[in-house]
Every structure is written in structure tokens, then in C-alpha cells.
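Record features (TrEMBL):
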- 148-159: compositional bias 'Pro residues' (COMPBIAS)
- 204-275: compositional bias 'Pro residues' (COMPBIAS)
- 1-106: domain 'C2' (DOMAIN)
- 138-159: region 'Disordered' (REGION)
- 193-275: region 'Disordered' (REGION)
Amino acid sequence: MSIHGLILEVRVTGCRKLRDTEFFTRQDPYVVLEYATTKHRTRTCTDGGRNPTFDEKFHIPLIEGLRELNVVVWNSNTLTHDDFIGSGRVYLHKVLANGYDDSSWPLETRHRRSAGEVKLIMHVDVSAMRNKMGKSMAAPCTHSVHPPSMPAPAPAPAPTPALASAVPYTGVPPSYPPVSAYPAASAYPAYPTPSQPPYTTTEYPPPPQQTYPPPLAGYPPPSYPPQPYGEPYPPQPYGQPYPPQPYGQPYPPPTAAQSPYPPAPYPGTYPPRPY
């Protein structure tokens with residue numbers, strides 16, 4: 001249901017329990033109605049205090065898609081800016097459905113605290129809205145509807161012309177040369193078969209046979225089979241017998257020429273003599 005062009009009648013009767021912005025005197029409130037880009041202001045209720053009375057009527061043309069208006073209440077000051085008391089939203093669903101609404105709407109501060117309430121009586125002509133909707137539905141259709149056009153039939157395909165190079169049928173099958181069981185000789189000459197390989201290999205003498213690892217020079221060759229037990233192998237230095245002497249029999253001491261230590265400058269005594 002379209003509401004565009006309808007006139008909404010709003011009557012501001014007064015406010016109750018407004019937030020008081022004055023400390024020593026009574027406040028002077030007034031109400032502002034905002035709808036789209038239009039604003040309607042009531043007169044200032046001098047010394048209205050917290051319960052002012054206005055009883056003013058306004059006519060607002062409605063716009064399709066906008067079904068709410070804002071209400072703002074101010075306190076009028078002479079020397080300074082006006083004080084903000086509170087604001088609220090007024091929804092138009094009830095008045096558009098029933099044609100009449102006399103509800104009270106709450107007001108809030110900028111901090112979402114209660115600032116009182118405002119009393120509005122709204123009225124709209126629902127019969128005019130219904131008549132407008134009925135006329136729009138009963139209006140005849142002026143545009144003409146063209147019948148659907150049938151698609152044009154496709155042209156018949158042109159006959160295929162006879163090939164100029166076609167051979168007429170004579171009833172006698174054409175003669176072809178007989179197929180040989182062996183492949184035909186190639187037109188290119190074959191490569192000659194080489195009488196000897198293209199690459200020649202050189203005979204190298206075999207490497208000399210040698211044992212690995214070679215024996216050490218100056219080392220006496222081992223004697224095989226091994227020596228019987230009790231005979232020295234290999235020969236011991238300094239003429240020492242092998243195996244070693246039994247326990248308790250000392251080896252012959254080496255001579256002074258064979259000793260690895262240098263000779264002492266004088267014979268010493270042990271332990272030393274006391275002073």
C-alpha cells in the first residue's frame with residue numbers, strides 16, 4: 001500500500017516528566033518535529049517546567065519508504081544556546097493501519113537515559129489511501145501486446161552438384177597391376193658392405209706379473225716350516241737366549257760399553273751421609 005502524497009495530521013498536546021535543565025528557575029520547553037527534510041516547531045511554553053502544554057497541530061505530507069518521524073524537545077534560553085532535553089522516534093505503522101493514534105512516546109538523553117515523554121495525536125485519511133489504491137488497480141492497460149512472431153522457415157538445402165571429375169560407370173571393373181609378393185627394389189643404391197671394420201685396435205702387451213705387496217728390502221726371508229719350540233726365532237739381540245730365563249735367575253748384566261746410561265762422574269752412596 002503506497003502512502004506517497006498522503007497528509008499526516010499531527011497534534012502535539014504536551015509533555016510529561018521532562019528532564020529539568022534549570023537549577024534556580026523554571027525551564028521554557030518547546031517541541032520540534034522532523035520528517036525527511038522538513039521541520040515543524042511549536043511555540044515556547046514559558047515557565048512550562050517539567051509538564052508543558054502546547055496543543056498545536058501540523059500537517060505533514062508523507063513520502064513512500066519513510067514511516068517514522070523524530071521528536072526533539074529543547075529548553076529555550078535568552079542569552080545562551082538552547083539546552084537539549086531529550087529526543088525520540090515516532091513510528092507510523094499504527095496510524096497508517098488504523099487511521100488514528102494517540103500514544104505517548106518516550107524521550108531519551110544522549111546517554112540513553114530517560115528524559116520524559118511527549119503526547120501526540122496523529123490522524124490520516126485511510127479511505128483516501130484505499131480509493132487511490134483501488135483506482136490504480138482498476139486502470140485499464142493501455143499498452144498493446146504484440147503476438148509472438150513465428151520463426152521463418154529455414155530454406156531448403158541446395159542440391160549438391162555432380163563432380164566434374166567423376167568417371168561414369170561402364171559395368172567393367174578397372175584393371176590394376178598385380179600385387180607382387182616381394183617388395184619393389186629401391187631406387188637408391190645400397191651402401192657397400194665393408195670388408196674390414198672401420199676402426200682398428202692395437203694389440204698391447206700384457207702387464208708383467210708381480211706380487212702384491214712387494215717384500216721389504218733387507219728383511220730376512222721367513223723360514224718355513226716354523227722353528228720347533230725352544231729355538232730362537234727371530235734371533236735375539238745381544239746374545240740373549242729365548243725363551244726367557246726362569247724366575248729368579250737374572251739376565252747377564254750388559255757391559256759398560258753396551259749400557260745406555262753415561263758413566264757417573266764419581267761413585268755415590270745411598271742413602272747420603274748426614275752432615
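The backbone N, Cα and C atoms fix where each Cβ goes, and this holds for glycine too.
Those TrEMBL annotations? Automatic predictions, nothing curated.
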- Task: Just give the helix, strand and coil counts over the domain 'C2' (1-106), going by DSSP.
- Result: 6 helix, 54 strand, 46 coil
- Item | Per-residue pLDDT averaged over the domain 'C2' (1-106), given as an integer | 92
